[in-house]
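The block underneath contains the structure these notes are about, expressed in structure tokens.
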Amino acid sequence: MDVAKWWFLDLLFVVFLAILVLPVSRSSPESEAEGRTRKPRGNVIEVEEEPKSVVWVVQLSDLHLSVHHPERAYDLRRYVGPALAMINPSLVLITGDLTDGKSKDLLTMKQDEVEWIEYQNVLDNVIQRSGLNKEIFYDLRGNHDCFGVPKAGGAYDYYQKYSINARLKRDGNVQSITLQNGGWKHLFVGFDSTMETGLRGPTNLFGHPTNQLLANIDLELSQWDVESAITKIAFGHFPLSFSALTDDGKGLKDVFLRHSLSVYLCGHLHTKFGKNIKRHHQSNLPTKYYQFNMHQGFPTNMDEQSCSSKANFSKEFWEWEMGDWRWSRAMRILAIDSGHVSYVDLDFRLGSKETIILPTFPVDSRFMQKISSVHDFKCQPKRGSSYELIRTLIFSRTEIVLVSVKVYDTRPETPTLVLDSSMRKIEGNGSRGDLYIAPWNWRAFADPSPSRYRLQIEAIDIFGKTTYSELRPFSINGLTAQVSWTWREFFVMGCQWASIYWPAFWSALLFLSSLLLVPQVLLLCWKKNYSYEYVRPNFAGRSLREHLVDGACLALMELPRMTVVWFGILMYLLYLLFFPWFFGHVFTEKGIVAYMTYQGWFVPNFNENTMLQYLGLPDVMVVVLPHLCFVVLPTILVIGAMAAERTTCRKYYLLLSGKKEDDSLGHNYEQAKNASSCDSNCIWRRRWIRKFLFLVTVVILWKHWKNCRALVRAYDMNPFLNSPIYCFMIPLMLMYAVYKTSSL
């Protein structure tokens, strides 16, 4: 009993001691969060020397160094090293697709170590010629850099062997760098969202962020949250329109909006889709499937209370796609001046640049923040102003003797010069670059139009050569000038393809099924020859619309009459829904054979002899949707049209002969006179429509053959063994339909 008593007293003492100690040893969640945000986790670089108010970085993307295109590496050596020496950036960001990984015919996509060795040699040469520290170079992986890489760090993961990040021992898929100067912190967070198990192309097109990756990015972006003067910029390879969601439905956009990101820099899409591949994101706008224009919505109404540090307004950030070095020889200089972000894109296709001008304030009103820019304008009297000076960076190989700023008023029909002022260079010891400034009465340029005033910088070097910056609009009020996408820019930037895939797939499958099943149901419900009521071989007195409507109805009603073809196409759709489309090799090394369905690739796990289900979703949409929309759908329509043409021709000959096929074909034989008109005679007797449909059939077969050939080359498969149904069912159905409709 005494032992139990002493044990109980000891236990009470321990519990009492724990209660006393616990509040001291364990901090509150708020203090934990504060401690977590105060501690920098990435590399911190102190940017010294003048100009103190500005930092600038360089972005390159989509180099696609290839053994089949040595000119890409040659131009990179020739132009980029000297350009970097002239620009002297604080960081150099290379956002993916470092190598091409494609065969000469562009169909086989897997890793080639020769290209990676060339990449290493070229980058070492560029760094040497630039005179920059290798530590400021950051290169990320793109989808081309993981074609056919089954495992990160494995034998075929050449990125982990030859990239700058790997050689500098930068581990992890998230890298953060903080540039400090003039009381400002500029946080850059780069991340790798490529597939963890890299498939061969073309079904390796999307970024695949995981919940862990999003958590890591969120953690890195939060490290300076207690600071007021901070600019946050993220960089990666994939635009958000080509980034999948996690299994929980989370995405990069949610993280970026939470941290009031200024800009997300990316690549992947290339300049061939347009030069305005940029997008403004805002928290209070639903854009799950699409966004019609570069800007969407309107800035929040603000009052004097909005200048309070506790004021809440919508979050926002810009997404700026870079373009590519592959074809466009593009390079971007991004500058941050007292929180104002601006950029200039350079094109080296016409040679090196002797002088580069980058205005840093006022910024281009087409690409400024819609909400925070208005906030800055309204709160200038309370925050102190960075608006007092026009500022521009100038990089030049030769001495600049004169710099001037010109502002034009475009309200009249002819732009009027309203400001022409010389600019002076900020002098300082050990200057990193040349910043020119000019005072101005910025309040005089406040205007409700975001594009009324346009700014241009003029620089003259010692040899008398004049260089001009782009004539760009600006808005002191913080109002955004509207820019509209072309249809190609909307297609790649405005559509959220990862979210669109499932609705598009099921809609296409439902539509194809209805084309087969609805006419069959109608035939079963009405008389057998119901469709013949629509057969009118004469053209007199009928509009084009009537012809098209009657022809479409007849084609759909005649298709079920071709029982073998109708049943074959229906079985083909069921096959595509429930069975593998084809088998193939999805990694660089042959050996593991996977199969693809509309849900993705089913790949054996090469480590544990288990199955990893459905890799490459939604990447397989580049195979699935084109096949359904541009092969299966035209096949159904052209077969129905061939059946309708045969029925109409038979009716034409019956009218000419005065015979009736059965009682349901009884019509007034006055139609025979109309049917024998010149137009009808040319159309039906010579069967021109059938000849046209035959040409359409040839086009469908050619399209299908191209798709099958591309897949055979991409995945090293035998079409007779690995994809007989996918490759040969459509040609067989078309050839059978051509044969059955050849005779009346």
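Positions of Cβ are set from backbone N, Cα and C atoms, glycine also.
Predicted automatically and left uncurated, TrEMBL annotations should be read as such.
Going by TrEMBL, these are the annotated features:
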type	residues	note
SIGNAL	1-27	signal peptide
DOMAIN	57-271	domain 'Calcineurin-like phosphoesterase'
DOMAIN	352-479	domain 'TMEM62 Ig-like'
TRANSMEM	500-526	transmembrane segment
DOMAIN	503-724	domain 'TMEM62 C-terminal'
TRANSMEM	564-583	transmembrane segment
TRANSMEM	620-644	transmembrane segment
TRANSMEM	688-705	transmembrane segment
TRANSMEM	720-739	transmembrane segment
Same-chain residues at least 6 beyond the ends of the transmembrane segment (500-526) whose Cβ lies under 8 Å from its Cβ atoms: 289-290, 556-557, 559-561, 566, 569-570, 573, 577, 598, 617-618, 621, 624-625, 628-629, 632-633, 636-637, 640
Predicted model, mean pLDDT over the domain 'Calcineurin-like phosphoesterase' (57-271): 94
Same-chain residue ranges lying at least 6 outside the transmembrane segment (620-644) that approach it to Cβ under 8 Å: 202-203, 205, 497, 501, 504-505, 508-509, 511-512, 515-516, 551, 554-559, 561-562, 565, 569, 572-573, 576, 581, 596-601, 689-690, 693, 696-697, 700, 703-704, 707, 711, 730, 733-734, 737-738, 741
Same-chain residue ranges lying at least 6 outside the transmembrane segment (720-739) that approach it to Cβ under 8 Å: 562, 564-565, 568-569, 572, 575-576, 579, 581-584, 631-632, 635, 638-639, 642-643, 694, 697, 700-701, 704, 708, 711-712
The domain 'TMEM62 Ig-like' (352-479), counted residue by residue under DSSP: helix, strand, coil: 15 helix, 55 strand, 58 coil
